[in-house]
Structures are given as structure tokens and as C-alpha cells.
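Enquirer: Just passing along the structure, written as C-alpha cells.
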């Protein structure tokens, strides 16, 4: 088969192209992780994980989800709509920078200072990342790979030339965010005056954003609350470092479901796409099991490659977390349908239940079992989230459970025919 024809089939199939794009991104990430983990070591990596978890939560909260209504107002044809949003984003950035500097000087804590100074940049980066996705989704990938490759090169340079330092790791976060902001503004070729922001428009869009903010916050807490609670219970930084690397490796189990989720966002925007979601769940089941088996078999040598022998205690965490990977993949795929149908309340309610389970089990398991206890809590919360979303899907749309779990010959023929087109 000619190479051009193969390339057309790959780029023409949304699922295959998305998976390959993610594989490429993961390969770059593996190189960066290998040098970053060796550069920092378990203890500094654990400290970085705590700061990064706090930073992510602060940035999400401070965002207020104000970027979320942008597509809606663009469809309405609101005059000067992009500049309206950009002025608000820039005004937030200025206000948060002033507040961050004041708090950093008043609070004598390295971790809090780092969060206060980096959060304003990260808030703006998140907003511009969403904006460029709406304006030019292909350029979003250009920004992503530019930031990822730049960070990787700087990490490699630091590994060979600098002493281990948390400041370097934090600087890399800032570099990635700054690249996102600068490239996004360059692409849209606008830099409106933030002091002309329409505050009445801000108050108008605020209610739309709050639900999105809460949903994103719950989702982040489901992934990050374990690290924060480990810090709170005084788990040694090195143990947290092992845990975060174990989590990073287990997350590769979501490669397939993340690819399906991205494609299904566009499909469910047009209709419920129940048949396509059902087929995606079925294919995801078998492919994810293969990925999980691969991680179990090759996980220990993989940890050695990306972290060295001192990170080998992370393998136990990875194996435990893999028990919840499949359940969480159901949440990822089915969640696209709920969001597309505007059922954010249902989505948020089930996700909040999962977070509460996570917090409750962590409160008992971390003091008793340390990092392994945190992993068990995550597995239980993932199982609750996946179970609730799957049960909702099956009952709401009358889908037989066998249609989600059993792969028939007709299904195989459909898959092969779809790839050949």
C-alpha cells in the first residue's frame, strides 16, 4: 500500500490520528520525565508534587471558568466578543499578579510564595489555551508541542549543567505557561487594553463559568487530593515522590480512553451518538486491558528507565492504581455525553461522590499504609466514578450490559471496515 494512502487513512480516521498524536506526546514526555526524575530525585520530586497540586487547584479556582462561555457568545455573534473576553483575562492577570506579590512578601513560605507568583501566569495560560482551541484548534497542537519540546530540552540541559534545584523545576512550569500565552496572543494578533474590560459583561458570564469551575475542581481533586493529604499527614517527601511517579506510569493506561474522549466531544455535540459511545466503550475495554498488561509486565524496567533504581518503590503504587484505570476510563468516555447534553449537574454530582469517597478513604488509609493507602483510596474513588457513570449510561439509554463488554464478530468487521475507509 502506498505511503501516501496509509497517511491519508491515518489522518482521515479521527480515533487513529488522535491516538498517534497522543503516543508522540507521551514519547516526548517520557524523555522529559527520564531526565527530570533523575535530576530531582524522589525527595525534591515529592516537594514539587505538593506545590504543583496546590498550584493547579488555586489556578482552577481563580479562573472562575470565565473562558467557558466564549464559544456560546461567538455563536450568538456578540460584537467584539473575543476582545471582551481577552480584556477580562488580562485584567484578572494584573489583579492576581498584584495580590500574588503582596501575599508572597507577607507569607514566609517557599511553597506558598511559589504558588502565589506562578498562579497568575497559569490562570492566563489556561484561559488562552482554551481560547486558541476555539479560534484555531490546529495551532493549539503547535503550541502544545512547542512547549513540551522546549521544556524537554531545558530539562536535559539542567540535568547536565545544574545542581538539583526545585527552582529549576518550577521555572519549567512557568516556561510552558509563558510559551502558551505568548504564542496564543501572537496567533490571534490581539492585545486589548485590560482597563477597558466590561465589568457588566463579566458579571453576566460569571454564573456560566462557576459550574464549569466546580466541575473542573472536583475532577482535579479526584487526582490531586491524595498528594495534599499525604503532605498533611506528614508522609516523607521521598515517599510522595515515589507515589507521583507511580501515578504517572499508571496514567498511561488511559491512553485509549483519552483518545476516544477527545473524538467523542465533537460527535456528541451533534447528537447523543449512543451507538458510537457503546462501541468505543467496548473497544476501550479490550485495548485498555492490553495496555494495563503491558504496564504490569514492563512497569518495573520502565521505572528504571524514567527514574533510575531509586524510584523502583513506585512500582507497587502503579500496580495498585492499575486496578482502577479501567473504571475511570468509563467515566472519561461517558462524561463527554453528559457534558454535551448540558447535564453538568448530574456530572458534577456523581463526580463529587467519587471525590468524597477519595477523601474519606485517604483519611483512614494514608496514616495506616502511607503511599499504598493513597493508591487504594484512588482505586476506590475511580471505581465509584466509573460505576456511577456506566450505570447511568446503561439505564438512561437502555443499553444491554453485553453490548458494552462483549466483542462480537460483527463488531470486528465494523472496526476493520471503518479503518479501511
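Heads up, the Cβ atoms here are built off N, Cα and C, so glycines get one too.
Feature list, courtesy of TrEMBL:
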- 12-35: transmembrane segment (TRANSMEM)
- 47-67: transmembrane segment (TRANSMEM)
- 88-104: transmembrane segment (TRANSMEM)
- 110-130: transmembrane segment (TRANSMEM)
- 142-160: transmembrane segment (TRANSMEM)
- 166-189: transmembrane segment (TRANSMEM)
- 201-220: transmembrane segment (TRANSMEM)
- 240-260: transmembrane segment (TRANSMEM)
- 285-306: transmembrane segment (TRANSMEM)
- 312-340: transmembrane segment (TRANSMEM)
- 347-368: transmembrane segment (TRANSMEM)
- 374-394: transmembrane segment (TRANSMEM)
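Could you tell me the structural context for the features on the list?
Expert: A Cβ distance under 8 Å defines the sequence-distant neighbours of the transmembrane segment (142-160), meaning residues of its chain 6+ beyond its ends; these are 25, 28-29, 31-32, 35-36, 38-39, 129, 132, 168, 172, 175-176, 179-180, 183-184.
Nonlocal intrachain contacts for the transmembrane segment (201-220), taken as residues 6+ away from its ends with a CB within less than 8 angstroms of a stretch CB, comprise 56-57, 60-61, 63-69, 72-73, 84, 88, 344-345, 347-348, 351-352, 355.
Sequence-distant contacts of the transmembrane segment (285-306), counting only residues of its own chain at least 6 positions beyond either end whose CB sits under 8 Å from a CB of the stretch, comprise 30, 33-34, 37, 245-246, 249-250, 252-257, 312, 314-315, 318-319, 322, 325-326, 329, 404-405, 407.
Long-range contacts of the transmembrane segment (312-340) within the same chain: residues 242-243, 245-247, 249-250, 253-254, 256-258, 260-261, 264-265, 268-269, 272-274, 277, 280-281, 284-285, 288-289, 292, 295-296, 299-300, 303-304, 346-347, 351, 354, 371-372, 375-376, 378-383, 385-390, 392-393, each at least 6 residues beyond the stretch ends and with a Cβ under 8 Å from a Cβ of the stretch.
When Cβ-Cβ distances below 8 Å are used as the criterion, the transmembrane segment (347-368) is approached by residues 211, 214-215, 218-219, 221-222, 225-226, 229-230, 233, 235, 331, 335, 338-339, 374, 376-378, 380-382, 384-385, 388-389, 392 of the same chain, each at least six residues removed from its ends.
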